[in-house]
Each structure stands twice: as structure tokens, then as C-alpha cells.
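Q: After the C-alpha cells below, expect a handful of questions from me.
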Amino acid sequence: MLESRLISILRKNKDLGHKISSNLGRWGFTATKISNEASFSILNQQRFISTVPKFAPTSRSSIARSFANYGLRSFQHLNHKGLHRTSFRKISTVAASAAESKEGLKFLVTAGPHARKMVGIWLFASAAWVFSMVVLGGVTRLTRSGLSMTDWKFTGSLPPLTDEDWLVEFEKYKQSPEYKRVNKGMNIEDFKFIYWMEYAHRMWGRALGIMFALPFSYFLRKGYITVRLGLRLSGLFALGAGQGLIGWWMVKSGLEEPPSGYVEPRVSPYRLAAHLTSAFAIYCGLFWTALSVVMPEPPTESLAYVRGAAKVKRLALPVGILVGITAISGAFVAGNDAGRAFNTFPKMGDTWIPDDIFSMKPIMRNFFENTATVQLDHRILATATLAAIGGLWWSTRKLDMHPAVRHLIGSTMGMAALQVTLGISTLLSYVPVSLGTAHQAGALTLLTFMILLNHTVRRPSPSLLKTLPSVAKMNQKKCISNGPLVLMISWRFRMSYLVKNQQCFSFIDTY
């Protein structure tokens, strides 16, 4: 009886799907209204709800056939027009365009979106250049090329162009402790290789200074850069100029005679750590500033996403600091050449903890100069970092947060696992140049993920918060949002469910 009544209603009202579609359109289901409205007509809602008890299906086939004939084409049309998938690639564009209309938001770059795009590309390119500098510096260190040039000029100089010039430079190198104790008997061709490696590293840094300074001057003259951004970039430029001085200060320590005749000449681990830390600081500053220029507002669609991002931020910030500390500890491993000792894992030799980890006095020296302690410290920090990122992923997996944040956390977890794998492989292989370089690049890549994550979960501006709905309007996998209701028709349970806080109709056929 109930089934025949329902089918008769459907057959008499062939335009049912069109009526529902028009009602949904008035309630805010079109692509335009979805982005602007979160409310609907109370009168229309009551009228529609009053008709729902009449739809109590008893036959699966009849219900499916009826809705396929009269209604589903309308919903398919709505689905193609309204539903969308979140694109991580478009986060910065969406966030920047959303910020256009927010009053009170202070942009780092004036003169509109085109100017922000230009400045953003320049800053990202500068950050990528610094990244390549770090990788090239790692290759220079691993090939023992850093001490091949025994003098330094701030402006640089031309390389040797004639055989006589090469002989002059080679004679200078022969006076260094590294040649006398490590490379004695080296021929001129081998010297040219290490010389070109160090020369390329130095000139690449000077080219970065020019590439940064010229666009900076242009954007300042055009008036694109605000005072706040100008001061920040000036500080980064000064730090970059000082990086050359820090580099020479580091190299100079390796040109001095070691205190013992049994010690290989190498640069001071403290100065190497300062040089690497400064490079990491410049990179982080450039990358964070570039993100702030192209993405003035974080990607968010609801207050629920904002609350989820705040919970992630409380965990992401200390994890990011731990990643940075672990990277700096790797500089001391490189400075002490500790990667070529204890080439076993998980044990260090035959023991878990070597006996001489506190052999130096005072005790603090062991953490920076003792080969065993430095490597043990780096192992512990790396394990703690992997565990912390794993804990971050585990504790946030059920939070209601933007899909971009969820993807970032998963990518960071994968990068952390890869970095630990690279570190173990480098250790077991006695630090080959390829793996050692990949491990250093992996450290900066992992730090990049943490910077991007912390930038993405920062708090939106008050003007944006005022315009956000309580829950997200769309979800690419679930039809969960802030709209009228969902009508779920089930042939098994023979009843209809009215679910609040939903934005689209979902016809669920359970088995």
C-alpha cells in the first residue's frame, strides 16, 4: 500500500527532480551560493520536511528505478556544477584571492596580485638558490675540496687561466697542512678538481648575492615592497653577505697546523656548524617570507578547520624546532668526521653506548668534539625526531582540518622516514659522496616541510575569521557541510533520516 502510493506520487509528478533541484538551488546548492550562503529558507525547509514521511520505500528496485528516472539526473547536474576537489597546488592562489576582500589585512607587497606574484617568484627562486648552495657545500666538504683555496677576497677573483697560474696556486696549497698530511704527492690534475669545486661554491654564493640584490632594488624603486618586508629582506641580505665571511673564517681554521701530529687537518666543527646554521637560517627566512607574500592567509574554509589547525600548531612548532636541532647536530658530525666511525647500526660497534663518551674535560666538550658522543647524540636526536613526527601524524589523524594540512603531515612523515633511511645507509656505506649529499639535502627538505606545515596552520586574520562558517561547506570525500539536510532513503530500514548540518542530498542504498 505504502509502496504503491509512493510510486503513484512519483509517476504523477515527473518534474519531482526539477522541483528538488530548484529548491536546492534556493537553499544555496549552486556553485555560486555555496561559496557565499550558509542559510536557507525556513519556509521551504518546513514544506519539504512535511512531505518526507510520505516517502517510506519498501521495494529497493522500485525506488531505485523511480529516482533514476526522475531525480538523479538533476543531482548529477548539481554534482558537476557544485562539487569540487581541493587542490593543494592552488592553495596560495585561493588564499591570496580570498584575502583580497578582507579589510584590515596588511600585505607585505603592495600594487596588487601581479606584484605579489613577481616578488613571490623571486623569493622562491632565491630560496631554491640557497638550497643548491647547501647541496654544493656538502659536495665540496665530502670531496675534501674546501681547503684547496688558501686565500679569500670579498669580491672574488678570476680563476687560474694559464699553466703558470695553476702552478702558483698549487704551490700555495702545498704549504697547507692538508697537503702535507693527507694529499702529499697529489698531481696538478687532481688539484684542479678540488680547486674548481671550492671556486664554484664561492662564486655560486656571490652570484646569489647579485641575483638577490638587483631584483630587490627594482622592487623597491617600483614601490612594491612595504617597509616591514624591506627590513626583513635587508636583514636576510646582510646575513647572506656575512655568510661569506663566516665561510672564510671556517676555512681559515683548517689551514692552521693541528695541535697533534696524528690529527688530520680539518675545519673547526664549531665554525662549520655556524656556517651551516647560518645557511639554514637564510633559507628558512627566505622560504617563510615567500610563503607569506603569496599566501597572506592560511588555507581554511571553516572555524572547525581553524580549531583543528590550532591543535596541529601546538605540536608542529616544537617538532619543527627538534628537526632544526637535529640538523645542526649533523653539522658537528660532519665537522668531527664522525660519520666514518662506528659504521654499524643500531649498535655502535659492539656496544649500544661507547665507553669513552665522556672522556674529555670539561664534560660539555664531548657533545661537540668527541666523535663517539657526537654520533650518539645525532642518533638519539634523529630517532626522537622520527618518533615526534610519527606522534604528530598519529595524534592529528582524526582531527577536522583542511585537506592540505592533512596531506602535509603525511608527506612530512614520509620524508622523515626517508631521511632516517638515508642516514643509516650513509653510515653503513662509510659516507660516500652521493649518499652524504643526499642526506644533507634531505635534512633541508624535511625542514622545508616543517616550515610549510607551520606556515599553513597559522591563525587567520580577524577579518577572515568573521566570515567563516562554523563547519566546512564542502568536503571532497564526504558530503558534510553547513547546509540544510540530507535525505537518506534505505530500502532495508524502510524509513527516512533527516540529518542536520549537511549540504547535499545523499541517496544511500544499503545492503
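Numbering starts at 1 and runs along the chain as displayed.
Glycine is treated like the rest: Cβ placed from N, Cα and C.
Take a look at what TrEMBL says about it:
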| type | residues | note |
| --- | --- | --- |
| TRANSMEM | 119-139 | transmembrane segment |
| TRANSMEM | 203-221 | transmembrane segment |
| TRANSMEM | 233-251 | transmembrane segment |
| TRANSMEM | 271-294 | transmembrane segment |
| TRANSMEM | 315-335 | transmembrane segment |
| TRANSMEM | 378-396 | transmembrane segment |
| TRANSMEM | 408-431 | transmembrane segment |
| TRANSMEM | 437-457 | transmembrane segment |
Q: Restricting to the same chain and to residues at least six past its boundaries, which positions have a Cβ under 8 Å from a Cβ of the transmembrane segment (315-335)?
A: 141, 266-273, 276-277, 280, 367-368, 374-375, 377-378, 381-382, 384-385, 388-389, 391-392, 395-396, 439-440, 443-444, 446-447, 450-451, 453-454, 457
Q: With the transmembrane segment (233-251) as the reference, which stretch in 203-221, 271-294, 437-457 has the largest tally of C-beta pairs below 8 Å?
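A: If we count Cβ pairs closer than 8 Å to the transmembrane segment (233-251), 271-294 scores highest.
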Q: Does the transmembrane segment (203-221) come close to the transmembrane segment (437-457), meaning at least 3 CB pairs under 8 Å for residues 6 or more apart?
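A: The transmembrane segment (203-221) and the transmembrane segment (437-457): touching, no.
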Q: Under 8 angstroms, Cβ to Cβ: which one of 119-139, 271-294, 378-396 has the largest number of such pairs with the transmembrane segment (203-221)?
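A: The stretch with the most close Cβ contacts to the transmembrane segment (203-221) is 119-139.
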